[in-house]
Amino acid sequence: MNLKAKILDDKAMQRTLTRIAHEIIEKNKGIDDIVLVGIKRRGVPIADRIADIIEEIEGSKVKLGKVDITLYRDDLSTVSSQPIVKDEEVYEDVKDKVVILVDDVLYTGRTCRAAIEAIMHRGRPKMIQLAVLIDRGHRELPIRADYVGKNVPTSKSELISVNVKGIDEEDSVNIYEL
């Protein structure tokens, strides 16, 4: 793998997450009915950071949750082409709430579809929205993000690597040539 470009550094990532937080507040006219649900692995710390920014802006906490989808992603591995939803999902009650799924990269749409299915098994939300740090295209399902940090058109021979403090050493988004 060869590094092709650094797309976001730590400061650019913080600005991007701040913009997404503002867009979420604006589109939903506040945060009263919102539940942010991070898709494990890197969607969880991204959701936590967006929640912290929203709290700074609004002065109150947004409800947070997570969904654990074990995925042998088709852009990282060929072990399985389908995401596997574990029965360990932990999140707020979603009935009649606006659930905002948060993930690091939107690619084929399969992870998002599995997360939506997991949410629907837990209750019937008023609405489900999607926030992603990076949208790289190449959808295999009719999935579109409501909040996008950065659109990064890629070829299938490229890989987007999102690094998040807490899991990784730094905040950054890089593109690699395979």
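Heads up, the Cβ atoms here are built off N, Cα and C, so glycines get one too.
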Taking Arg19, Arg124, Arg136 as the options, which does Swiss-Prot list with Arg41, Arg42, Asp103, Asp104, Val105, Leu106, Tyr107, Thr108, Gly109, Arg110, Thr111 at the substrate site?
Arg136
Residues outside the motif 'PRPP-binding' (99-111) whose C-beta sits under 8 Å from one of its C-beta atoms, at least 6 past its ends, are 24, 34-39, 42-44, 46-47, 50, 67, 69, 71, 73-75, 81-83, 119, 125, 127-143, 145-148, 160, 162, 164
Ranked by how many other Cβ atoms lie within 10 Å of their Cβ, the binding-site residues Asp103, Tyr107, Gly109, Thr111 are led by Asp103
Max pairwise CA distance, angstrom, over record-listed substrate binders Arg41, Arg42, Asp103, Asp104, Val105, Leu106, Tyr107, Thr108, Gly109, Arg110, Thr111, Arg136:
18
